[in-house]
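Listed in Swiss-Prot for this protein:
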BINDING   HIS100, HIS102, GLU106, HIS145  Fe(2+) binding site
BINDING   HIS100, HIS102, GLU106, HIS145  Ni(2+) binding site
SITE      GLU99  site 'May play a role in metal incorporation in vivo'
SITE      ASP105  site 'May play a role in transmitting local conformational changes'
SITE      ARG108  site 'Important to generate the dianion'
Amino acid sequence: MATIRIHDEANTTIENQEEVASFLDSQEVIYEQWDITRLPEHLSEKYDLTEEEKQQILDTFETEIKDISTRRGYKAQDVISLSDSNPKLDELLENFKREHHHTDDEVRFIVSGHGIFVIQGQDGTFFDVRLNPGDLISVPENIRHYFTLQEDRKVVAVRIFVTTEGWVPIYEKDSVNQ
């Protein structure tokens, strides 16, 4: 279940799931919880995945992926896995931390591990969405944000796209608001 930390003077934290969902809805961020217990046990917390295992993850959540894709007009999906076993992890994380936006939604469903989306709210204040297995988030188009990992430095996520080509980040700044 996701938690929120607002980058305000009090570092306000929201942990109650109804309040998390309400806050994200007020920011026009889609947040859903999918039944992660459906994931086959041999894929839980596995970060070095074969193409067949990635397809098995997509097949497991096919109904949910089709549902949100129908509602939002998404056309493609894939599975990404990041962990310390990737020799380019630090380089990838540096690139991910560059604040950017897209001309379409950025959608992630966390399968294993953890991730953080840092999103600019409607009032200009940034907030963190700390995601756990079972959490789906859709950052709306043209909203400034970036993604990073939590302390465990590993995540498996389903990415869902509007086009079969995926999305292209548009960078506004080289510095990151943290």
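Yeah, the Cβs are placed from backbone N, Cα and C, and that goes for glycine too.
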**Asked** How many Å lie between the Cα of HIS145 (Fe(2+) binding site) and the Cα of GLU99 (site 'May play a role in metal incorporation in vivo')?
**Response** 5
**Message:** I need the least crowded one of these recorded positions (GLU99, ASP105, GLU106), counting other C-beta atoms within 10 angstroms of each C-beta.
**Reply:** GLU99
**Complete:** So HIS145 (Fe(2+) binding site), by the Cβ count within 10 Å over all chains shown, scores 21
**Asked** In whole Å, how far is GLU99 (site 'May play a role in metal incorporation in vivo') from GLU106 (Fe(2+) binding site) when you measure between their Cα atoms?
**Response** 13
**Fill in**
Row ARG108 (site 'Important to generate the dianion'), column other C-beta within 10 angstroms, all chains, value 20
**Request:** Based on DSSP, name the secondary structure state of HIS145 (Fe(2+) binding site): helix, strand or coil.
**Result:** strand
**Request:** Take the C-alpha atoms of ARG108 (site 'Important to generate the dianion') and GLU99 (site 'May play a role in metal incorporation in vivo') and report the distance between them in angstrom, rounded.
**Result:** 17
**Request:** Express the distance between the Cα positions of ASP105 (site 'May play a role in transmitting local conformational changes') and GLU99 (site 'May play a role in metal incorporation in vivo') as a whole number of Å.
**Result:** 15
